[in-house]
């Protein structure tokens, strides 16, 4: 047996460093912050799913897309956050090879699904504003369902391919992954072999997943601006723009930080390891927590449904307290 094969057979786990420069005295604080982010993400997105599921007024194509995004956000946060929380909370940074590759698969898979959902958002607003007469015929509930299922299924292929190709590599060097979770680059740089044949397909896949939806998003919003500009009434222009403001904010949160990181690396701007990881964590975990707040503040139907649910809980409680109070007053 060769040295590489012996080392590869012995290696049974990877070590996630998290934030390499973080002092131990801040471990508790960081784990608490990450746990808070995870808890808020779960509660906020679960609330959105509950509102859409229980309110028939929200059974519209746009909200079905938001429903998909909330499910995807919960799954992505659950894939990445619990392990890094335990890294700082319980000092448990080790992860088995199998678990690491499973996490890597879901990180890239859910990222692909997220990108496809944002494409659907842009398509929804493009048809609603640029082709309003055809909107209800094209984006029916059944068509949105087909598009959503297609996105969840098609997104499986490329992540599965890069995992299958990366798993058999000989990992005979360090087993320390300088990241908060397992991803393709973080794992394959540890292989004691030329990673170019594995890195190039993964890079092409990432560019296709990011740039193809982004190209359509840019096209759709340029078309929307042109269509809005043709509206003579200023109030009509503002109303048309406000209908796509929610999606535009969500899309910006997802794409702008990623594009900045890629462009910065290409023009020679370098970051320290800690800064790079912080940026990646911010653009990966902040949107799932912020998105539900944007829906509830910007989308009128969602805001009204949330207020109805809130007052539906408050009013019976007040009535019950009043009834108890009256019974006490009338009792001898």
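Every residue gets a Cβ built from N, Cα and C, even glycine.
Beyond the ends of the transmembrane segment (26-53), by six or more residues, the same chain brings 18-19, 59, 63-64, 66-67, 70-71, 73-74, 77-78, 81-82, 84-85, 87-89, 91, 285, 288-289, 291-293, 295-296, 302, 305-306, 309 to within a C-beta distance below 8 angstroms of the stretch. Summarising the annotation, TrEMBL assigns transmembrane segment to 26-53 (among others).
If you look up TrEMBL, you'll see 44-295 marked as domain 'G-protein coupled receptors family 1 profile'.
Sequence annotations record features per position, and here TrEMBL assigns transmembrane segment to 65-85 (among others).
Annotation source TrEMBL lists transmembrane segment at 105-123 (among others).
Using a Cβ-Cβ cut-off under 8 Å and counting only residues 6 or more beyond its ends in the same chain, the transmembrane segment (144-167) has close neighbours at 61, 64-65, 68, 101, 104-106, 108-109, 112-113, 116-117, 120, 184, 187-188, 191, 198, 201-202, 205, 208-209. Taken from TrEMBL, the feature transmembrane segment covers 144-167 (among others).
Look at TrEMBL and you will find 203-228 (among others) tagged as transmembrane segment. With a cut-off of 8 Å between Cβ atoms, the residues of this chain six or more beyond the transmembrane segment (203-228) that come close are 111-112, 115-116, 118-119, 122-123, 125-126, 129-130, 158, 161-162, 237, 240-241, 244, 248, 251, 255, 258-259.
Annotated transmembrane segment per TrEMBL: 277-297 (among others), in sequence order.
The average per-residue pLDDT of the prediction over the domain 'G-protein coupled receptors family 1 profile' (44-295) is 85, rounded to a whole number. Residues 62, 65, 68-69, 72-73, 75-76, 79-80, 139, 144, 147-148, 151-152, 154-156, 158-160, 162-163, 181-184, 209-210, 212-213, 216-217, 220-221, 247, 250-251, 254-255 of the same chain, all 6+ positions outside the transmembrane segment (105-123), place their C-beta atoms under 8 angstroms from a C-beta of that stretch.
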